[in-house]
Every structure is written in structure tokens, then in C-alpha cells.
Amino acid sequence: MGCFSFLKVMMILFNLAIFLGGGTLLGVGIWVAVDGNSFSSIFGSSSTLQFVNVSYFLIVIGAILVVLGFLGCCGAQKESKCLLIMFFSIVLIIFIAEIAAAVVALVYTSIAENILEATVTPTLKNQYGKVPEVTQIWNTTMSTVKCCGLMNYTDFTDSYYYKEHNTYPAFCCKPVNSSCSEAAAHNSSVQGCFQQLLSEIRTNAGVVGGVAAGICALEIAAMVVSMYLYCQLDKK
């Protein structure tokens, strides 16, 4: 078996796996979106909204993987230059977007913090405790990440929730206390969710970096192989 035939077979198998994996994610995502109650009952969770939010993410990722898998698999099998170059272009766009996002996250963290503070904090003040969907999302986030508000407990000062209950959310106090006063929240010094997430990422930087490097390596390999097959078709 020559180099071209070997890479063609590997390209087909690799993209077939991507296609099947994407189809699985897409199917699960649609299932959760359509019937979130049944899905939450199977896994014993009372937060249907949390599953529904995850479903949209699964649908998007699954759809992208299905398209990529189809283009790569069919492009290699049928030796179609059009499909191969489309596969290469999509992977290249994703790769560039990932690099850009990483650079922005590393270099412009403070700018991102200011943008989030200007957009998210008003929503938190006006809708937490008032809009069930917003309240559920933030409760889940604060409970899971062990944080309070976007920046800290002061995000809830003069908020709708504080005016209605004359207290801060229970997650703003250590230990978690349903009667969380301003003094108790101040003394607890619970970190905001933004800083807490950054701390978690820095703590697991090795794992995050390894996974990111592995994904980038696979994308580069996919682009190299697809371009090699594309160029070799001119010589056949």
C-alpha cells in the first residue's frame, strides 16, 4: 500500500469516527432539547433548565462534527478536490478561531472582565430572583463553582433580590447561609465567579494546555493530510 492509499484510508477512518461521534452528540442534544424532563429524570437531576442549556451546545458541536466528518470521509473516498478543500478550509477557520480566542483570553483578560462587568452585572442586579431562568442558571453556577456574583457579593447590593429579601444569596456566605447579611458576606470573602473560574483554569493549566495542544495537533494533522491528498489528485 502506497503513501497516498494509506493516508486515504486513515482519512476515511478518522473522519468516519468524527462523523459518528458528531451524530451521537447531535442526537443526544436534540433528545435533551425536545424531552429534557425525561433526560433529567434518568440522571436524577431536578434542574431541567441546566440540561436544556447543555443541549444547545451539544447540537452545535455535533452539527459541526457531522459536517466535518462527512466532508473528510466523502472527500477522501470519492477523491473529490472540492470536498477536501472545503474540509481543509473549515478546519483552518476553526484552528484560527481557537488561536485567536486563546490570545484574547491570555492578553485581554482585564478587558474581558470589564466587558463582562458592564453587561452581566446589570442583568444580575435586575433579573436575579425575578426571572426564573436567570436565577436557576446563576444558582447552578454559584453552587458548582463555589462563588458569589460575577465579581463578588457587591454585585447584589441594591439588586432586585436584595430589595425583596433584604439579604444576599446564600452562596455569598461561608458556610452557605440563607440569611446572608452584608456583614457576613463581607467577612466570608467568597470570590466572584469570574475570578474563581480563572483560578480553576490556572490550577488545571497543565491539563487544559495538554488537551488544547492535542486538539491543535489533530487539526494540523487533518489539514496536512487533506492538503496532501488534494495535491496528489492533480498528479493522478
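Even glycines carry a Cβ here, placed using N, Cα and C.
Under the heading disulfide bond, TrEMBL lists CYS147-CYS193 (among others). Taking Cβ-Cβ distances under 8 Å and a sequence gap of 6 or more within the same chain, the neighbours of CYS193 (disulfide bond) are THR141, MET142, VAL145, CYS147, CYS148, GLY149, LEU150.
Around CYS148 (disulfide bond), a 10 Å sphere centred on its CB holds 29 further CB atoms from the protein chains shown. Sequence annotations record features per position, and here TrEMBL assigns disulfide bond to CYS148-CYS173 (among others).
The transmembrane segment feature in TrEMBL is assigned to 12-34 (among others).
If you look up TrEMBL, you'll see 54-76 (among others) marked as transmembrane segment. Outside the transmembrane segment (54-76), and at least 6 residues removed from its termini, the chain residues within Cβ reach (under 8 Å) are 8, 11-12, 14-33, 36, 82-84, 86-87, 90-91, 94, 222, 226, 229.
Residues 15, 64, 67-68, 71-72, 74-76, 212, 215-216, 219-220, 222-223, 226-227, 229-230, 233 of the same chain sit 6 or more residues outside the transmembrane segment (83-108) yet have a Cβ under 8 Å from a Cβ within it. Per TrEMBL, transmembrane segment is recorded for 83-108 (among others).
Residues annotated as transmembrane segment in TrEMBL: 207-231 (among others).
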* Relative to the Cβ position of CYS173 (disulfide bond), how many further Cβ atoms are located within 10 Å? -> 23
* Tell me, how many other CB atoms lie within 10 A of the CB of CYS147 (disulfide bond), whichever protein chain they belong to? -> 24
